[in-house]
C-alpha cells in the first residue's frame, strides 16, 4: 500500500506503529474489529513466543465467544495454529461445553474445523469426542454442523471416529433420509474400517425397504450397491424379494431395483427378474411410467432363458400398449434384439465386455464445500453412457461419487399403482402414497434376524 493509500485508510494506518505491548488489556476488543483482528493475526504469524503468550493470555477466557464472531473467528483459527500443545489443550477444554453450539454457527463451524486440523495430542482428541458424542445426529442434520462431522471423518483415524459410526448406525433411517445426512453417511462408508463398514451396511440393509422409498435414502442404498461387494449386494437383493414389482412402480425405489438387476450375481438377478415375468404383472408394469424401465433393464441383463420368457410374455401385451410411449420403446427393443444374435442368443450386454457391470453416472460432491446442496431430481432420461463403479480410479474413485442423478426416467408426481394384488400400493386418506412405510407398498417386513452381521462374514 502506497503512502497516499495509507492516508486514505486511517483504520489500517492506526496500527502502523503500534507495539503489541501497548495494547495489553485491550486485545479482546481488538479481536472483534476487522483491522485490530488482522493486527493480532500478523503478530502471531511473526512467530515471536512472547507475543503469542501475551495474546493467548488475554484471548483464552473469551475463546468460545471469538469462535462465533465474524472477525474474531479468524484470530481463533490463527491462535489454534500457533499455540503450543499445552496451550491448545487448554483452549479446547475451555470450549468443550460450547462446542456443539459453536459447530452449528456459520462462523464457528469454520473455527471448529480448523481446530480439528490442528489436533496434536490424544488429550485434545478425547476432549473433542466427549464434547460431540451425544449430539452427532444433530450436527449431521445441520447445514453448518455436518461439516464438522465430515472433518472428523477426513482427519481422524477410524478408531477415533467410532462414536460417529455408533450414532449413525443407531439412527440409520433418520440420518439416511435427511438431505445432509445421506451425504455424511456416504462419507462414513468411505472412511470406515472393515468392521465399521459392516456395521453401517448391516443397518442400511435391514432398513433398505424403507430407505429405497425416500428421495435421499435411496441414494444411500445405491451407494452400498456401488461398492461392488457381492456380500452386500446379495443381502440387499434378499430384502427386496417378494416386493420387486411394487418397488418397481415407485419413483425412487425403481432406480434401486434397476441397479440391483445390473450389479447382482446371476442367481440374485434371476430371482429379481422372475418376479417381473408373470404376464398379468407385466401388463401393469409396462403401463407404469417407472416400472417399464425396470422391465427394459431386465431385458438387457437377464440370461437368455429368462429373456426369452420375458419376450414371450410381453408379445401378447404389445398390441394393448403399442400406442403408449413405453410400449413403442419396448416393441423397438424386442425387435432390435430379435435381429441381434449376440443379444438374443447369449444374454450379452455391452457392459459385460469389460468384466463388470456398469453403474449410472454420479454427480461429484465436495464435502469441503461449506454450503452443499443436493442436486434436484431430473425429469428426463439419461443417455446410455455409464461410468463404471469399479473404474480405473479404483474403489476410492467410486466412493467419491455422491448423490447420483439417476432419477433419469422419473417424471414429477407419484406413480398410481393399478395393482389389486397384495403388492398394490396403499394410499393415505388424501389419496397419495404413504411415505416411509412398509404398508405403503403392501410390503412385508422381513424377520429382524434375517440380516445380521453374520450375513456378510
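These residue numbers are counts, starting from 1, taken along the chain as shown.
A Cβ is built for glycine as well, from the same backbone N, Cα and C atoms used for every other residue.
Keep in mind that TrEMBL annotations are predicted by a computer and have not been checked by a curator.
Residues or ranges marked as domain 'PUM-HD' by TrEMBL: 2-338. Averaged across the domain 'PUM-HD' (2-338), pLDDT in this predicted model comes to 93.
Non-local neighbours of the repeat 'Pumilio' (22-57) in the same chain are 11-12, 14-15, 66, 69, 71-72, 74-75, 78-79, 81-83, 87; each lies 6+ residues outside the stretch with a CB under 8 Å from one of its CB atoms. Here TrEMBL flags 22-57 (among others) as repeat 'Pumilio'.
The helix, strand and coil residue counts that DSSP assigns across the repeat 'Pumilio' (58-93) are 30 helix, 0 strand, 6 coil. Summarising the annotation, TrEMBL assigns repeat 'Pumilio' to 58-93 (among others).
Long-range contacts of the repeat 'Pumilio' (94-131) within the same chain, counting only residues at least 6 positions beyond its ends with a Cβ under 8 Å from a Cβ of the stretch, are 60-61, 63-64, 67-70, 73, 76-77, 80-81, 85, 88, 138-139, 142, 144-145, 147-148, 151-152, 155-156, 160, 163, 370. Per TrEMBL, the feature repeat 'Pumilio' maps to 94-131 (among others).
Note: the repeat 'Pumilio' (167-202) comprises 31 helix, 0 strand, 5 coil (DSSP; helix = H, G, I, strand = E, B). Among the features that TrEMBL reports, repeat 'Pumilio' is placed at 167-202 (among others).
The feature repeat 'Pumilio' is assigned by TrEMBL to 203-238 (among others).
TrEMBL lists 239-274 (among others) with the feature repeat 'Pumilio'. DSSP assignment over the repeat 'Pumilio' (239-274) gives 27 helix, 0 strand, 9 coil.
What TrEMBL records for 275-312 (among others) is repeat 'Pumilio'. DSSP assignment over the repeat 'Pumilio' (275-312) gives 31 helix, 0 strand, 7 coil.
Under the heading region 'Disordered', TrEMBL lists 389-416.
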Helix, strand and coil counts within the repeat 'Pumilio' (94-131) (DSSP): 29 helix, 0 strand, 9 coil
Summary of DSSP states over the repeat 'Pumilio' (203-238), given as helix, strand and coil counts: 26 helix, 0 strand, 10 coil
